[in-house]
């Protein structure tokens, strides 16, 4: 049986691949795929406006190829983990 951290990492990878490739490359998220992922998988996602999601996409897309690859997605998750840590620590 997998340890909780193994399961969590597997889930993060699975969520990326659940949304990636619906519109093209199966290893990247388009702007609309990222928007759907954020809105469906994060509590805060439903509260974000389109302009905020577009800004997030621009910030995440480090190489400016108009998609978010897995490395850019992991960077996003790291930033989210830092925010969650700050909230949980008070």
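Each residue, glycine too, has its Cβ placed from N, Cα and C.
Swiss-Prot annotations:
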type: DOMAIN; residues: 12-47; note: domain 'EF-hand 1'
type: BINDING; residues: 28, 33; note: Ca(2+) 1 binding site
type: MOD_RES; residues: 40; note: N6-acetyllysine
type: MOD_RES; residues: 47; note: N6-acetyllysine
type: MOD_RES; residues: 47; note: N6-succinyllysine
type: DOMAIN; residues: 48-83; note: domain 'EF-hand 2'
type: BINDING; residues: 61, 63, 65, 72; note: Ca(2+) 2 binding site
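Sequence features annotated in Swiss-Prot and their locations in the structure.
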residue : record                : contacts (Cβ under 8 Å, 6+ apart)
28      : Ca(2+) 1 binding site : 20, 21, 67, 68, 69, 70
33      : Ca(2+) 1 binding site : 19, 20, 21, 22, 23
40      : N6-acetyllysine       : none
47      : N6-acetyllysine       : none
61      : Ca(2+) 2 binding site : 67, 68, 72
63      : Ca(2+) 2 binding site : 69, 72
65      : Ca(2+) 2 binding site : none
Shell of the Ca(2+) 2 site beyond 61, 63, 65, 72, same chain only (C-beta within 8 angstroms of their C-beta centre):
60, 62, 64, 66, 67, 68, 69
Give me the DSSP three-state residue breakdown of the domain 'EF-hand 1' (12-47), ordered helix, strand, coil.
24 helix, 2 strand, 10 coil
By a simple count, how many Cβ atoms lie within 10 Å of the Cβ of residue 72 (Ca(2+) 2 binding site), its own Cβ left out?
19
